[in-house]
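Annotated in TrEMBL:
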DOMAIN    49-514  domain 'Major facilitator superfamily (MFS) profile'
TRANSMEM  48-69  transmembrane segment
TRANSMEM  117-135  transmembrane segment
TRANSMEM  144-165  transmembrane segment
TRANSMEM  171-196  transmembrane segment
TRANSMEM  208-230  transmembrane segment
TRANSMEM  236-255  transmembrane segment
TRANSMEM  328-351  transmembrane segment
TRANSMEM  363-381  transmembrane segment
TRANSMEM  393-415  transmembrane segment
TRANSMEM  421-446  transmembrane segment
TRANSMEM  458-476  transmembrane segment
TRANSMEM  482-510  transmembrane segment
C-alpha cells in the first residue's frame, strides 16, 4: 500500500486559486471575433485603395503651398518674366505680397487691399459645388479621377506657359492654370472621404477618412521641401508637380467603385464583386458566407430606400427631410466657426506674425518645420478620434486655439509685460496650428463623409464644402481690413472668442459618430435617437420602406 503525502486542503485550494484559475482564464478568455471587414486582408485592401485615391490629394496641398515657394522669383524684376503687384494678387495670396500692397500707398483700390482675392481661391468654391453633382452622377471613383485630371491640366499649363514669347499669353495661361488648381482643391476635399466612409466599417472608418487631411498636409510639406532645395526655378517645380499628378491619376485606375453607389444605381453584380474585394474575399468565389450576405443585404436595403426616395422627391423635398437639413445646417455652422476662428489666417500670415516677433530663422526652413509638425499631428488624429471620439477631440482643439489666440491678443495689448517672452507669438502660432489640426481644422472635412444620407451625400457634402471655402475666402480677404480698423490684438481676440463659441457648439450640436454605421447616423438625424442597426432596419420595415428586400440568399 503506497503512502500518500499529507496535503492541506486549504493550501491546495490556495495554490489552485493562485495558479490554475489564472492559466485557465488566460486560455479561456473570450476573444472578440473580428468582423469580415476588419480582418487583416480586408483592412489592407481598404487602406491601399484609399491611399491610391489620396495620392492625388497631395497635388492639392502642393497647389496651396506653391505661392510660398515661388512668389519671390515671380515678382523679381530681374527675371525675364515677372509679375507686377496687381498681377501677383491674382496669382496667389501671400503675406509678403500683403506687406508690399499695404506699403504701396499708390494703390487706392480696396480690392487690392488683400491678396487673397486670387483666381485660385475664387475657383475653390466652384470645385466644391461641382463635386456634389459628380459624386452622385458619375460615382466616387470617377469623381476622384476627374479631380486628378483637372490637377494634371492645371500643373501642365503652369509648367508650359513660358513656351510663349508674348507676355500677355504667358500671364493668361498662368492664371488659367491657377484657376484649374483652385477647382481641383475644391473638388478633392470630399470624394476620397466619401469613398472611405462607404467601403470601411465603423471601427476603421476614422483612419480611412482622415487620409485626405494627411494627403493635403503631406502635399504642403512636399512643396515646402521642393522650395527649400529648388530655389529660383518655379518652372522645374511645376514640371515635377505635373509628373507627380500624372502618376496620381494613374493610381486611381485600379480602384473599385464603392458597393453603395453601385447598388444605388442598380448594378448588383458589380456591387457584390466590389464588396467581396473590400471584405478580403475572392471576387470570383461563389462559396456562401453568411456574414458577407448579411452585410450585402443591409447595403441593398439601404440603397433601395435611397434610390426609391431619390426618384420620388424633389431637391426641395430632400432639403426638408430632417436627415438632410439637420446635418447640413450643423456642418455649415461648423465650417463657419472653423473659418472664423482664424485657422486659415494664421497659416497664410504666419511668417508676417513671426517676423514681428523677431524670429530670424530661414522662412523656407520655418515652413518645413511647421509642415512637419502639422503632418505628424494629423497622423495621430486617427487614433485620437477613435479613442476620444469626435466631440471631445473637437472641444479640446477649440479650447487650445482659444488660449493661443487670447495670448496673442494679450501680447499686443500689453507689449511691455510680454517683452521678456519675445518668442511668444511664434510659439502661439505653432501651437495654434497643432491644436487646430487636432480637431477644428480636420473634423468638419472628416464628418461630411459620415453625417449625410446616401441619396444626398454627394450634393450635401459638396454644398457644405463650397460654403466653407467661401467663408475661408471672405475671412482671409477681410483680415487686412480688420487689422487696419480694429488693430491686430482685437482681431486675435475676436478669433479667440469664435474658437471659444466652438466648444459649446460641438458639445450640444455635433453628434458622436464613433463606432456608428452610416445608417445609424442617418436614423439619428431622422428621429433624434441613436439606435442600433437592427433597430434601424426594423423601423424601416415598419415604415414600409424595404419590405420587398428581405430576400434570403
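Every residue gets a Cβ built from N, Cα and C, even glycine.
Here the domain 'Major facilitator superfamily (MFS) profile' (49-514) returns a mean pLDDT of 84 for the predicted model. The transmembrane segment (236-255) makes no contact with the transmembrane segment (482-510), as judged by fewer than three Cβ pairs under 8 Å among residues 6 or more apart in sequence. Counting Cβ pairs closer than 8 Å to the transmembrane segment (458-476), the top stretch among 48-69, 144-165, 393-415, 421-446, 482-510 is 421-446. Under the criterion of 3 or more C-beta pairs below 8 Å, with sequence separation of 6 or more, the transmembrane segment (482-510) and the transmembrane segment (144-165) do not qualify as touching, having fewer than 3 such pairs.
Distant neighbours of the transmembrane segment (208-230): 46-47, 50-51, 53-66, 68-70, 188-190, 192-193, 196-197, 199-200, 236-237, 240-241, 364-365, 367-368, 371-372, 374-375, 378-379, 381-382, 385, 437, 441-442, 445-446, 449-450; these residues of the same chain sit at least 6 beyond its ends, with a Cβ under 8 Å from one of its Cβ atoms.
Outside the transmembrane segment (144-165), and at least 6 residues removed from its termini, the chain residues within Cβ reach (under 8 Å) are 53, 56, 59-60, 63, 81, 127, 131, 134, 138, 173-174, 176-181, 183-184, 187-188, 191-192, 195, 235, 238-239, 241-242, 245-246, 248-249, 252-253, 255.
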